[in-house]
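Engineer: Before I ask anything, here is the structure I am working with.
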Amino acid sequence: MRMGSCLAGSVAAVVAVRLLLLPAASLAQLQVGFYNTSCPNAEALVRQVVTAAFANNSGVAPGVIRLHFHDCFVRGCDASVLLSVNPGGGRTERVAAPNFPSLRGFEVIDAAKAAVERSCPRTVSCADILAFAARDSVNLTGNAFYQVPSGRRDGNVSSEDEALDNLLGPNSTAQVLIDGFLKKGLNTEDMVVLSGSHTIGRSHCDSFLFKNRERLANGTISPAYQALLEALCPPTTGPTTLIRTDMDVSTPTVLDNNYYKLLPLNLGLHFSDDQLVRNATLAPFASAFAANETLWKEKFAAAMIKMGNIEVKTGTQGEIRLNCSIVNPSSSAAEIEMLMFPSSTSDAAAAEEVATS
């Protein structure tokens, strides 16, 4: 990585100070080291699985970060996005248009949960595992480590309609972005900071192709860049078109501030990305982060922690899911055991299964 261990230490130190400045109510809900006694190796087990999967496919990292973001913006950070079945009936978040077919990383969280369950049964929530995995993904791609306050509980409802109502799309205007983040307790700077996660990962043709034709007409996208996108994406592009492209044309696998440097060059992939340099309120933030990568990484880590505290369930709220994709049954212990992951599978084997999928 381009950034050394000194930067990682600096980021962690700055974030630790900012944690102390969070409202007391926030600190009372979650805490760093929540599992120190009940499952002291929880974070290490998650890190092992994520690292093994990332070694085989670097796309795991942006997928998991986005999975965490999409979880927190719908019903709070309660792992509702992981549910494949809604006990109350109806379609889940996973199949909502902003999530399907683009959302990925589910198998990584499942493997991490399997490893943790074998070591500490019925102790660590899927919501916390997802938050740990997102942090590990940030560290693997950007060498920026931060402590994750934990103690979240898992929800038992997942709604396609709520995902459609709360998730912001790639064609969102600056005001829609600002308002959408404010609704979740995140300010304008947080929005610009977290948008920088688009410096890694890929996006499907349907999310940018047609809106970018409008941008070409008004001169807000590079003609050469749009020509490359037109050549990549078929004329029949639609919601189920699986062709993707890197969101950062220069350093697509490194979590850095290059995203912000590309925007003034009209090389932002999405209309929503381009809005950061067109809006008078947002542009100064984007400019500052383009000029100072250390500043952006410090703020990114702090914003990830802040986002991870959105509408969390704690204490006796929710549950500790045994299987991240379904809620716990209210039936016999034997049936509950059937939902748990086989104890015969080793942690290494689980990680390898993810890495090769």
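All positions are counted from 1 along the displayed chain.
Backbone N, Cα and C define each Cβ position, glycine as well.
Sharing the features that TrEMBL gives for it:
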- His70: active site, proton acceptor (ACT_SITE)
- Asp71, Val74, Gly76, Asp78, Ser80, Glu93: Ca(2+) 1 binding site (BINDING)
- His198: heme b binding site (BINDING)
- Thr199, Asp248, Thr251, Asp256: Ca(2+) 2 binding site (BINDING)
- Cys39-Cys120: disulfide bond (DISULFID)
- Cys72-Cys77: disulfide bond (DISULFID)
- Cys126-Cys324: disulfide bond (DISULFID)
- Cys205-Cys233: disulfide bond (DISULFID)
- 29-328: domain 'Plant heme peroxidase family profile' (DOMAIN)
- 1-28: signal peptide (SIGNAL)
- Arg66: site 'Transition state stabilizer' (SITE)
Engineer: Show, in sequence order, which residues other than Asp71, Val74, Gly76, Asp78, Ser80, Glu93 on the same chain lie with their Cβ within 8 Å of the centre of the Cβ atoms of the Ca(2+) 1 site.
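Structural biologist: Same chain, not in Asp71, Val74, Gly76, Asp78, Ser80, Glu93, Cβ within 8 Å: His70, Cys72, Phe73, Arg75, Cys77, Ala79, Val81, Gly155, Ser158.
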Engineer: Thr199 (Ca(2+) 2 binding site): which of the recorded positions Arg66, Glu93, Cys205 is the nearest Cα neighbour?
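Structural biologist: Its closest listed neighbour, by Cα, is Arg66.
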Engineer: When you measure from the Cβ of Thr199 (Ca(2+) 2 binding site), how many other Cβ atoms are you left with inside 10 Å?
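Structural biologist: I get 27 for this one.
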Engineer: Have a look at the recorded positions His70, Cys72, Ser80, Cys126, Cys324 and say which one has the shortest Cα distance to Cys39 (disulfide bond).
Structural biologist: Cys126
Engineer: Of the recorded positions His70, Ser80, Glu93, Cys126, Asp248, which one sits closest to the residue listed as 'heme b binding site' when you measure Cα to Cα?
Structural biologist: Asp248
Engineer: Using Cα coordinates, what distance in whole Å links Cys233 (disulfide bond) and Asp248 (Ca(2+) 2 binding site)?
Structural biologist: 17
Engineer: Among the recorded positions Val74, Cys233, whose Cβ has the fewest other Cβ atoms within 10 Å?
Structural biologist: Cys233
Engineer: Looking only at His70, His198, which of these recorded positions has the biggest number of Cβ atoms within 10 Å around its Cβ?
Structural biologist: His198
